[in-house]
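See structure below.
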Amino acid sequence: MTISSFLRVRHSLAAAKCVLENAKQSFSSHAAFAEHAKLERIRNIGISAHIDSGKTTLTERILFYTGRIKQMHEVKGKDNVGATMDSMELERQRGITIQSAATYTMWKDHNINIIDTPGHVDFTVEVERALRVLDGAILVLCSVGGVQSQTLTVNRQMKRYNVPCLAFINKLDRTGANPYRVLGQMRSKLNHNAAFIQLPIGVESNCKGIVDLVKQRALYFEDHLGLTVREDEIPQEMRAESDERRHELIEHLSNVDESIGELFLEEKTPTEQDIMAAIRRSALKRTFTPVLVGTALKNKGVQPLLDAVLNYLPHPGEVENIALIEKKGKEPQQIMLDPARDGKSPFVGLAFKLEAGRFGQLTYLRCYQGVLRKGDSIFNVRSGKKVRLARLVRLHSNNMEDVNEVYAGDIFALFGVDCASGDTFVTNPDLELSMESIFVPDPVVSMAIKPANNKDRDNFSKAVARFTKEDPTFRFAYDTDIKETLVSGMGELHLEIYAQRMEREYNCPVILGKPKVAFRETLVAPCEFDFLHKKQSGGQGQYARVTGVLEPLPPHQNTTIEFTDETVGTNVPKQFVPGIEKGFRQMAEKGLLSGHKLSGIKFRLQDGAHHIVDSSELAFMLAAQGAIKSVFENGSWQILEPIMMVEVTAPEEFQGTVIGQLNKRHGIITGTEGSEGWFTVYAEVPLNDMFGYAGELRSSTQGKGEFSMEYSRYSPCKPDVQEKLMQDYQIAQGNVVVDAKKQQKKKN
């Protein structure tokens, strides 16, 4: 290298460093800009993916390149610091993101709010909450692992909340990287109309840069931090492939976009602007998914991804947000919220996450309409409580920055607000409107829990009270039959994390029992009931009669219970119907076969009778309970168990062993695939048969096998499992085992 070229390189590095320092120093002015940014210059995005796909590393790079942090850190805390977005000590140790950290940053005069979500399936509720309040998302896929179980879950969640997304195929530098295979999986498994808008220039150790198919240029990321992005001609050896992939991109767009479709049919070549506009239109409608590539760890492809967020993901004004106006005695009416950032419409916000911070309860909100200023009073629509706001803060991981006001489209946090996740807040209590609530899945695993030392009971109570309020999938109950305290959640890891947090944050070590599956009891066939509750013991008596049908719901509704009032006339006065429903729901809390909840049943109240003096709501509640007991005696019942979707990846030589293990655990193989010495098997396995599988898989694959699982559905359990559950329950109740067999009715 000549002296002049060396000086040029040193000068460019110094310039890049200077630019970065200026970005850091001017971020206070960025915060002021963020408060008053135009609607078109705001993006609310989430970063979602399967565990260990590189989401948190990608977020760390985004924060660095936008000047939000001064230096990058590794995720698993190898540098004793850990990633910025992993603020909890437990997260830094495990190298997984447990809570959705929120932050905001600036890129090319646009304010970007980012939620970094967990990838582990046990923390699915965090992903649900994040997607509910976002306008767009980046779906991160590993170029080796491809589409995995949690990717399918995240994809379903994005579909539920209609969130447009970009796909970013990460980890091009890893051995076995194959972005083309991942694109094929996106089309076949996720049913995405997806195409590359970038191509990698080499993979694994030869990963040099990327080709931008829209601009038809090669991009190289220079110096060891990748700060300088150099444009160049597409390498000669890649031009044929680039032309072919660009044509494929136009073809996929022409299937969903009219303008490009016309140009395609007329065999005209669309311009760069035509393609960008078509990608944006179709991405917003969720009819096309642009696919980008890169490696966050090696600092390649992050800046073009940020450009794509601005170019192809929606601003708050392009997303339809609906609220419900609810008047007593009338059907809820849907209205569109006004996304304008002018403060002319009244404030409407949604609480999507609760957290116990250092200064009290922290409530994360999204402002959907209007403006909220420090010192304003807001009302909780559900509870009617009024709160005056002393502080408004923006979040950067676990750091807070005070702001004076927030506008429609902003994500922010409040202190000292007593509410639940999914509550709607307004400044005008006469509005009587609420946002749709956040979907919360039911827990599938329970464990007995108790403090290791009796002296820690107070801290234990505080921890449980806080965690159950923060996380609606973490449940706490006392079982009077077995005299044990139970916690329930989305998996073993979910409950273990909370146990460790109790010890770490509340100095309260706990003892966890063996995992227990949340079985359910349901009817096999409809069963009629006609029950009279009559009691006379001096003074006013009790008289109530209920008749109707208890029937099973369709399989896709077998985790819910329903009550319908089909009575005509005044045989059952309307003021007593709520008592009947209450009696039914109380009985549904505990079945007679195994002591588990009833689900997948519908109580149809068809007729009854009352007494002018002796009837009361209590009498009808007891009559409903008696009716359910009669159906227990006369109906045909079965026990349901949760079925999990399991994905196992291991070296090919262990394929037979792994499939044998899954068959032994009563699994049904639904698919297999393999590439470059590794295979992946997909199966549906009862959760009750999955305990202890992690250790078995490790020992049988020399520690190389990995698996993940997520809840799929409830299905009838095998006869021998049902028999054992019934016997165990009867023994626990102190009844004769033979009586349990009498409880099991023949299936119709």
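The backbone N, Cα and C atoms fix where each Cβ goes, glycine too.
Computed from a predicted structure; not experimentally measured.
Here Swiss-Prot flags 1-14 as transit peptide. According to Swiss-Prot, the feature domain 'tr-type G' maps to 40-318. As annotated by Swiss-Prot, GTP binding site applies to 49-56, 116-120, 170-173, with the evidence given as sequence analysis.
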Cβ-Cβ neighbours of Lys55 (GTP binding site) (radius 10 Å): 28
DSSP three-state assignment (helix, strand or coil) for Lys55 (GTP binding site): helix
Overall pLDDT for the domain 'tr-type G' (40-318), taken as the rounded mean: 82
